[in-house]
Amino acid sequence: MCHMSACAFFSYISIVFIKLVPLQPIKSRPQFLKIATLSVVFCCSVVGGNISLRYLPVSFNQAVGATTPFFTALFAYLMTFKREAWVTYAALVPVVTGVVIASGGEPGFHWFGFIMCISATAARAFKSVLQGILLSSEGYNTSVSICLSSAICTFLYVFGL
């Protein structure tokens, strides 16, 4: 929560007072819902990752997190129909294979922790794809996106999630 609050505060300062980038207000309800969805997905990824750390060792959690590019490529294809070069997909095979092998040999393996870790990893990848869509379709720049989504995340952490 401290991280999100600091991101929202310093992004706001850099946009409004220092004027590094122009302020882009939210213009419509659908636009707000897109930003809120991005924020909820991010919050879920953080919460899922923290829950998984209760059941899995940090090293295994990090190994599973290395599959984020696999999920990013998958979601990018499913949501935008954007295909990568075959070399990109081929490079992901050893990473996913390594996680599968590590999962079988992990002495501290716990199914619930693994499911939460995979869910958090997939949510991080989904957030990246959503953010790319938001930045390209809505014309937001990265600073405004960070400011708005961080403010919503802070609200969610304090009042709901």
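The backbone N, Cα and C atoms fix where each Cβ goes, and this holds for glycine too.
According to TrEMBL, the features are:
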TRANSMEM  6-23  transmembrane segment
DOMAIN    10-137  domain 'Sugar phosphate transporter'
TRANSMEM  35-53  transmembrane segment
TRANSMEM  59-79  transmembrane segment
TRANSMEM  86-103  transmembrane segment
TRANSMEM  109-127  transmembrane segment
TRANSMEM  139-159  transmembrane segment
DSSP helix/strand/coil residue counts for the domain 'Sugar phosphate transporter' (10-137): 103 helix, 0 strand, 25 coil
For the domain 'Sugar phosphate transporter' (10-137), the mean pLDDT of the predicted model: 88
